[in-house]
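Novice: Annotations for this protein, taken from TrEMBL, read as follows:
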- B:25-144: domain 'Response regulatory' (DOMAIN)
- B:D75: 4-aspartylphosphate (MOD_RES)
- B:248-281: repeat 'TPR' (REPEAT)
Amino acid sequence: MKNSISVLGGTLENLLDHGKPADQGDPAYPQMAHMLYQTRRLSDNLMQLLALYKEVGKPTYPFEPNTVPVRELVQQVAGQARVLLESKQIVLELEFDGDLLWTFDEDLVIGVLAHAVNNAVRYTRDRIRLTIAERDGMLELAVADNGTGFPPSMLEAGTLVGQGVNFLTNSSGLGLFFASEVARMHKRRQAVGAIRLENGGPLGGGRFVLTLP
Amino acid sequence: MTTTYITASGAPSADIADVDWAEKRYLIVDDFVGIRQLLRESLRNIGAKHIDQASSGGEAMTLLLRTHYDVVLCDFNLGEGKNGQQVLEEARVRNLMIPSSVWLMVSAEKSVESVMGAAEHQPDAYVIKPITEGVLLTRLNRVWHKKQVFREIDAAYIEKDYLRAAKLCDAQVAQHKVHEIDLMRLKASLLLKAGEPDKARTVYERLLEEREYNWARTGLGRIRLANGDHEAARQMFQGVIAENRFYIDAYDQLAGALTLLGRHEDACGVLEKAAKLSPNSVPRQRSLGNTALRLGNIPLAEHAFRKCIAIGEYSIARTVDAYLGMARVCGMKGDIKEALRLLAAAQRDFPGDVVQLRSKITEGLVYHESGDFRRARKSGDELEALLQRESKRPQTATCIEMATLLFAVGVKDAPVELLCHVIRNNHDNPVLVEEVQKIFDKARMGDEGMEYIAGARREANEIMNKGVLLWKTGKLEEAVEWMRDARVRLPDNMRILFNSAQMLINHMQLHGYDEALMVEANGVLMHVDELAAGQQRFAQLVEQLQMLIPGRAETPEAIDAEIDALRGVAEAPAA
């Protein structure tokens with residue numbers, strides 16, 4: 001299944017990427033862009049499920065943090081989002097310290113950020129900003145948009161995550177639950193990672209924040 | 001320095017300036033045609049021109065034999081036949097990859113099985129699907145840079161000059177902060193290999209002050225284990241598992257600690273759990289089979305050996321132990337025919353005198369355990385005849401197994417000779433001496449055995465003392481010659497081997513470098529390493545030996561200078 005979705009997503013991306021500018025007037029173009037968005041969602045959710053629940057109730061993920069240059073993290077997240085954003089004419093703004101190194105499980109963090117960007121595509125008008133900076137000894141990674149902000153139910157889900165909320169009852173719950181699990185796996189001395197959702201970020205819309213120790 | 005990019009395409013591109021990815025040779029291995037096409041598309045987008053594809057492990061091997069690839073993108077799950085890890089292992093063992101080539105292991109998901117390759121056959125990186133160009137290029141560049149940083153260290157490692165390799169790690173950390181953790185991790189394992197557990201412990205403890213790395217905690221446990229503090233080691237491994245239930249290495253180590261504590265049942269339980277989590281390891285299934293066999297748990301032993309044979313079929317790590325163990329299982333179940341069939345298969349598939357001998361011993365044990373004493377005796381007689389024809393003796397463990405069988409079937413002189421050989425070659429190993437005494441006791445030869453053991457130890461001591469005396473009294477040439485003879489008579493005696501190597505080195509230190517002596521000393525040390533790896537004296541002697549090579553740097557500062565010089569050649573100075 002994972003292979004099939006990969007092929008579907010990859011093919012759509014190639015079609016959109018190599019499409020001539022004239023194609024963008026074609027009514028099929030935005031439909032294809034939307035298909036790519038949906039495929040990404042499907043792929044992310046499946047990856048999250050596989051990572052969390054490969055065997056029922058038994059996470060079998062080999063967690064291994066490594067030192068990663070923040071610049072390379074940004075390259076990979078932005079690279080994954082490029083075609084989708086271009087096809088939807090959304091601008092991605094990046095703000096980060098190009099010399100910063102941090103220790104985390106790279107695949108997991110890319111997964112969380114890529115999903116957050118994909119999610120922001122749904123809420124934004126035309127801009128998304130990825131900000132990564134060190135704050136009080138923690139790495140703060142935030143994805144903000146200029147949409148109308150998260151609906152109250154999602155903000156609530158954001159605060160309830162990790163407190164035993166039944167994430168499967170909420171459509172956005174799986175992604176949040178996955179993100180909070182990823183955050184909590186990261187520990188350093190006494191500090192533990194966390195996530196939060198806010199409204200009224202730098203672009204005036206919603207803001208997803210992942211902090212890593 | 002904070003950078004802000006506001007672009008429609010949205011990405012700072014990866015630096016490709018210093019690596020020419022376009023001209024390299026690529027191999028894509030995936031059983032799914034759609035994925036192969038996508039990967040080829042991604043590679044073309046980063047400029048690649050020479051791309052080959054394989055749809056199975058077998059096909060990949062054929063191509064790898066024909067061409068040296070610079071980059072291999074290999075899926076872990078390849079359907080029937082070899083999996084990606086097995087392809088990698090075989091390619092490494094058969095030297096089909098040049099040191100600079102890059103192996104990226106691709107999998108649809110990150111699972112324990114897909115990222116737990118044999119420690120010595122790790123890919124350069126794991127990548128999860130879907131693979132986008134950004135991820136691909138970033139990971140390729142990273143691996144390439146890392147290879148440059150580790151190149152010198154790897155070279156010293158291959159020469160088994162572990163102490164020099166550890167010093168090189170320190171020299172590199174200063175310049176490559178991003179690889180600090182990996183370099184320190186490697187440094188600790190090098191220090192362990194060099195028999196410097198205290199220094200390795202310091203490295204691990206410093207790393208653990210920063211973060212709870214499973215491998216560092218497990219490394220500390222391993223040091224405790226080597227120091228004989230089995231209970232403390234057990235608790236450390238247990239702690240790692242409590243924190244991360246999927247850190248497989250800790251299970252294997254825990255089983256080892258429990259075995260040393262004499263808790264065989266518990267060890268067996270831990271191995272069983274580990275084998276459930278990650279079943280595709282030949283050594284793990286072999287340990288499980290042997291442990292279960294020892295406990296008399298025939299169904300478990302059978303299951304483990306069967307699995308071991310099945311996964312070994314496509315693996316270079318395939319082992320004759322599984323066939324011999326399975327034959328024992330069949331013997332205990334009374335299926336003599338199947339046992340003999342397995343022994344025949346073992347001799348056919350693993351040619352060599354050692355396997356023939358071990359098969360013969362197993363055959364005797366199978367007959368003996370199934371109650372066919374007449375045939376068991378016949379096997380014993382054949383072994384006895386073999387020992388008379390052949391003057392070279394097998395490894396210690398095989399000698400002991402053979403002596404045990406021979407006593408059991410009523411042969412007397414041959415096992416005594418074997419056990420004396422074992423003692424002569426291990427005269428200062430009290431654990432082994434005790435084990436041999438027990439075998440004599442069991443054969444109702446307790447008192448005689450004690451005398452045999454004392455005689456063999458005396459003999460070894462005399463040979464050793466004569467050599468050392470010659471050396472200490474300045475008769476170096478004679479001492480070297482004496483030790484040469486001693487090595488023929490006691491080929492596996494660790495102290496004789498070490499002293500012999502020491503004298504050869506001393507000879508070169510006094511009289512200058514000599515190619516023949518260098519080769520001889522190196523051969524002696526490699527034999528020691530084969531008998532028992534991780535000896536401190538081994539590492540020290542290898543280092544002394546390497547320093548004798550003309551033009552080799554000696555101090556950490558000199559190594560730094562050497563590295564700077566190398567860098568100066570590789571990179572033009574900034575204008």
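Heads up, residue numbers simply count up from 1 along the chain you see.
Backbone N, Cα and C define each Cβ position, glycine as well.
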Novice: Under DSSP, the repeat 'TPR' (B:248-281) has how many residues in helix, strand and coil?
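Specialist: So the counts come to 27 helix, 0 strand, 7 coil.
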Novice: Around the Cβ of B:D75 (4-aspartylphosphate), how many other Cβ atoms lie within 10 Å? Please give the count over every shown protein chain.
Specialist: 27
Novice: Count the residues of the domain 'Response regulatory' (B:25-144) that DSSP assigns to helix (H, G, I), to strand (E, B) and to coil, and report the three numbers in that order.
Specialist: 51 helix, 25 strand, 44 coil
